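Copied over from TrEMBL:
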- 16-34: transmembrane segment (TRANSMEM)
- 46-67: transmembrane segment (TRANSMEM)
- 87-106: transmembrane segment (TRANSMEM)
- 118-137: transmembrane segment (TRANSMEM)
- 146-167: transmembrane segment (TRANSMEM)
- 173-189: transmembrane segment (TRANSMEM)
- 201-229: transmembrane segment (TRANSMEM)
- 249-269: transmembrane segment (TRANSMEM)
- 281-301: transmembrane segment (TRANSMEM)
- 321-344: transmembrane segment (TRANSMEM)
- 356-377: transmembrane segment (TRANSMEM)
């Protein structure tokens with residue numbers, strides 16, 4: 001595995017531990033006497049936006065910028081470069097998005113307002129999933145790590161499309177026009193082989209403001225900027241994309257995602273009865289992650305292999321694929337993000353119960369996925385020793 005992927009894996013696995021800590025601290029604060037202070041800070045305003053919005057619309061745009069960079073690199077020279085290597089994780093990712101959404105819809109079909117959350121269990125938290133996998137160290141074959149990485153990146157790209165199509169508000173023609181102009185300018189810079197990153201960031205900042213005002217979710221600006229950054233500089237040794245990707249990783253893994261988790265996982269359990277945990281909303285989310293994800297990923301993968309459309313990565317069996325498919329049921333940050341878009345301030349109670357479902361499903365998927373992966377690896381470990 002090349003240095004970029006190795007560095008990425010290590011960074012995300014370490015960041016996953018911070019995510020757990022941040023979420024746990026937020027839950028403790030939300031259920032103690034500090035909740036009012038916690039809530040007041042998140043809803044205090046800075047330059048016309050609440051702290052919560054700055055985190056969800058601003059800092060998360062940087063996270064999506066990193067996703068854009070990763071997707072572009074993988075498409076041009078990584079695991080998604082050729083049809084042969086890309087088709088298997090792509091098929092698995094499609095199944096892993098369709099099945100959880102279907103499970104959620106089956107549980108919530110009688111409530112039209114709740115159907116807005118259909119995409120909540122469709123997402124995978126790459127930081128958590130890689131973090132759990134990293135606990136098994138060198139026992140995990142490189143090809144399985146690359147499969148999870150490719151699947152999660154395609155999954156993230158699917159989430160971007162879902163947000164653009166289904167979770168945008170009323171559109172502003174003027175702001176959209178400015179956004180399109182800035183997008184064109186970004187790719188013009190790329191076409192002119194401009195390699196100085198600061199020019200992309202200046203135009204990208206204007207794009208972010210335009211998208212924020214347009215009604216389309218502001219995080220999408222990050223993906224566009226990422227796609228515009230050139231992979232190669234004027235000399236073969238310099239890569240603006242890889243330089244930016246490497247620079248952003250520690251900030252995203254160790255600051256932005258843990259901060260997002262801290263700001264969004266603080267759910268007060270006051271007055272919550274056990275019966276509420278089994279309502280159709282939290283149950284649909286939890287089972288979408290816990291059953292829908294592995295069902296979709298594994299079944300689509302199995303059919304693709306049996307039909308000869310794709311083949312298993314070297315050193316990987318269907319047992320490993322099933323374990324990874326369960327691990328992909330960790331939706332956490334991405335699912336919480338979609339929940340805030342689906343319900344948000346309009347239906348705060350729905351958002352709260354959806355997040356409870358996310359926490360239940362993601363936690364169970366993490367534990368079960370780790371156990372299954374651990375059980376599936378011993379023979380492979382002796383072969384690779």
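Just so it is clear, glycine is given a Cβ too, placed from its N, Cα and C backbone atoms.
Remember, TrEMBL labels are computer predictions, not curated facts.
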Pairs of Cβ atoms less than 8 Å apart decide it: which stretch in 16-34, 87-106, 173-189, 281-301, 321-344 has the most with the transmembrane segment (249-269)? 16-34
Among the ranges 87-106, 173-189, 201-229, the one whose Cβ pairs under 8 Å to the transmembrane segment (46-67) are most numerous: 201-229
Remote residues contacting the transmembrane segment (16-34) - C-beta distance under 8 A, at least 6 residues beyond either end: 125, 127-132, 134, 253-254, 257-259, 261-270, 332-333, 359
Spell out yes or no: are there three or more C-beta pairs under 8 angstroms between the transmembrane segment (87-106) and the transmembrane segment (201-229), with each pair 6 or more apart in sequence? no
Who are the chain neighbours of the transmembrane segment (201-229) in space, where the CB to CB distance is under 8 Å and they lie at least 6 residues beyond its ends? 57-58, 60-72, 160, 163-164, 167-172, 175-176, 178-179, 182-183, 185-187, 189-190, 240-241, 244, 341
Contact set, same chain, for the transmembrane segment (356-377): CB under 8 Å, 6 or more residues outside the stretch: 23, 120-121, 125, 128-129, 132-133, 135-136, 139-140, 265, 267, 272, 276-277, 281-290, 293, 317, 319-320, 322-324, 326-332, 335-336, 339
